[in-house]
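Annotated features in TrEMBL:
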type	residues	note
BINDING	A:49-54, A:155-156, A:206-210, A:275-278, A:A334	GTP binding site
BINDING	A:S53, A:T186	Mg(2+) binding site
COMPBIAS	A:20-33	compositional bias 'Polar residues'
REGION	A:1-33	region 'Disordered'
Amino acid sequence: MGNIVVSPHDKEGQHHMMATPTSNNPNGGSAATAKNKSEITVLLLGAGESGKSTLFKQVQFFHGVGITHDQERIELIEIVRLNVLENAKNLVAATQHLNIPIEQPENRETAKLIINSLNTNDLEDPSWSKRLYSLWKDAGIQKAYENREKFQLYDSTEYLFENLDRICSDKYVPTVVDVIRTRTKTIGITDMKFDVGDGKQLRLVDVGGQRNERRKWIHFFNTVDAVVFLTSLSEFDLNLYEDNGYWRVKESLRVFNEVVNNALFYKVPFVLLFNKRDLFEKKIATKSFSKYFSGFNEAEEKNPVACIEYMTKLFLNEITEHPLDTVSVKTLSAIDHDNSKQVFEEVKQFIMTQQHRE
Amino acid sequence: MNIELNDTSPATVDKTNSSNNFLDAHNDVLSGSSLDIHHHPNSPTFADHQPTSPSSPPSGVKYREDFTIDIEAAKQSASKSTTSRSKTVSSLKSRDSDIIFTIHTCVGKIQLSKLRLFSLVSLFINLASFVILAGLIIAAFVLQDQYNNFWEGLDTDTTYYRQRMISASRMSVFSNGDKATTKLYYDEYVVYMWKFSNNTGLFKTVVPESVRNAALKGKTNPELDTTKAVYQEQGAMFLAMAGNYTTAMYLLNSATYKTYLAGYDSEFQIMVDYVQSAKKQAQNVSVVMVTVSLAVILFSLVLVVPVIISSFVVSIKKDESVNRKLNQARTFLLIDTMQHAKMRQLFRKHCETELSLENFQLLEKITDYKMYCERSFEIQEYLYESSERSDTISDISAENKKKGYAKKKFNEKDLLECEKKKYEIAFEIYSEFLDVRGEKSVNLNKQITEKVKQHLDLFATGQNEHLIDSLFEQVEAETCIVMLDSHHRFKQTIEFQKQAKKDIITSKKKH
């Protein structure tokens, strides 16, 4: 692998890195070039909870499909409320697991109901908004939340609890942001198509990221024209959902290595997106980054740019069989509509440029 | 012993997972019996599961409840099914309570809710307004028609015609001897004379006799000054046309002629004024009619528009509320889909397309497992009651008949077989769907799958006699939650919409 040229981050915090190629891969099998194809297939890959489906939903939203319509979002009420319940249950379970008592007696009663009988229909009752919010503000629950790296919790927990007054209402219709921030494990493969000009269509394929879902990715490896690999910056202190003893960063690096060095992707444009920048910046303000990366300078651990550069090097070092001039690295906050739009536009341009080059 | 094992056999799995105690013990558990462990390619689907026991409730009903409970349990909300159903009932009740007025008719009862009554009132006000308007328009039309018939052929220009006659005669006579001009104005004179005569002739029929008598004062037509003046004008024009202009001019300048001309005001002007005022009156009646019509329209608009707007707003609100209820109901459609034979097949295809069929198949397998749990419970219940009954032998026959056990008797072997079958299915579910190396491994948390594994270990090593009924409760819960997203996309497919439409049409036909 050759020298990595790291460009300075831009105003929006975008981090764009281009690597110079060192050698041609003799085993360079590749998916067919898409120059003359009317459809460009872009695969969103990455480990579980890296934000593939969030970006997919944002792209759907830019193109006026799916969740743009009230009707579609109404049908997702159940999923939003299930997220609230899941988070509440996980937090209550965490207080027991971490031996942190819930302080207020009425909150302990609420916790019992959450574990034993509360269901999504109950959340139509506005009184649950107050009870759940009171539980959320309980010192015990807050303490458990501060230690959330020790158990599984959705990133949107705080957002959902802060919006309980809307969610716990019989007139509740999820907003686009609610849907974007709702966590649903993706199973199988879903896709969408949209025009990108020149009579071409871009087919964006979203996949599940957990281990068992990855075996399905291969169905697209032969036809893919570009790969967008997402990894979560904020997962540096977390373990896997499917295997709680396994560090997420390690898993993400392993998956990235397998994908980027796959011979089928040799000539395929590759975009590495470091997602959840917003959460990451919040997290490093309170958590130690260097604790998880022995090679990282501790003095720089509160500097997000330095942390991201370090992460970037970690990932790019995994590339051994892919020409580096076809790899682009960016940061993203997929829950941010404008940022997603801007980054996706850049990704699209990069892919199109790469194809024209071919 | 003949044990046929496929790729999910313990031996195969053993190689990949040496830590699986229950897998080590698997063959021991199965020893002494001839069993086939296979994938059940034609494994029964949800609706296909029909308990064979005669003591069981009707299969469809029983299974439906079972599945509902399972799905609800799967969402860790055991009361959801009840809640949603009770909601439907309460919504029906609330719909009943909306009815404030009932009319009994020969063809049945008409029940009026507030909204319906409101709309009906609006309809009546509309109808009444239209009737009033129609009456006014008809009256205006009849009156206008009568006036038109009455004044047919008569206009209010009689005096004008007479003035044109006088001027034409003078122009004809005083034409400086130009015969062509004389002839031209004579012709004009004839035209206006015809019009004047027509009007004055009609006076006889339209002008009341009292007015006519006051004007004509009993004179006959030839005695009237106007008639005499007309004769003199005609005579003068004839003279002019014969070339005798001097005499003709003399006639029209004579004092006698002027006296005759003055007679018009007293003889005809009264009648002309009468006709003009009568015509004006008719016009006034039309104006009144139109004004009243406009007033009625305005009145009805003032009343009806708010009613229409209110009805519209109420309808929209009602629609919104109904839509919301429908949409909330839609969130449970995963259950409905799984219970609906055709929908289930379509959903299966959809899952296949999205490469997520394993979740669907897992739910089917769990249903298989639960079916055997039911059967196991049935056998245990029989065996327990059988031992109880041994004390009261005299009653046993009647009791058996009553409970439907007359034809079916279970023994300990049946229970053992059933438990083995449960284990087979549970093992198959674990090795195929829950183990991360499984052929159809699903997206589940390791903690959940570990719990299942522990139960299987305990059973395989003989520490537990039975596998618990709720063994896959959490697995099912997670799978259902995960499938909600996939199901949501399924609902957007044309196939789903088509089938839903078909169902609606079929249910409408039935009703």
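Using the three backbone atoms N, Cα and C, a Cβ is placed for every residue, glycine included.
TrEMBL does not curate its annotations; it predicts them automatically.
Fair warning: this is a prediction, and the values are worked out from it, not measured in the lab.
What TrEMBL annotates, mapped onto the structure for a quick look.
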residue: A:E49; record: GTP binding site; Cβ neighbours (10 Å): 26
residue: A:K52; record: GTP binding site; Cβ neighbours (10 Å): 27
residue: A:S53; record: Mg(2+) binding site; Cβ neighbours (10 Å): 24
residue: A:D155; record: GTP binding site; Cβ neighbours (10 Å): 19
residue: A:T186; record: Mg(2+) binding site; Cβ neighbours (10 Å): 24
residue: A:V207; record: GTP binding site; Cβ neighbours (10 Å): 24
residue: A:Q210; record: GTP binding site; Cβ neighbours (10 Å): 23
residue: A:R277; record: GTP binding site; Cβ neighbours (10 Å): 24
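Here the binding-site residues are A:E49, A:K52, A:D155, A:Q210, A:R277, and the ones sitting under 8 angstroms from chain B, going by CB atoms, are A:Q210. Looking only at the binding-site residues A:K52, A:D155, A:V207, A:Q210, A:R277, the one with its C-alpha closest to A:T186 (Mg(2+) binding site) is A:V207.
A:S53 (Mg(2+) binding site) sits 14 Å from A:D155 (GTP binding site), taking the Cα positions as reference. DSSP assigns A:V207 (GTP binding site) to a strand segment in the three-state reduction. The secondary structure of A:S53 (Mg(2+) binding site), as reduced to three states from DSSP, is helical. When secondary structure is read from DSSP and collapsed to three states, A:T186 (Mg(2+) binding site) falls in the coil class.
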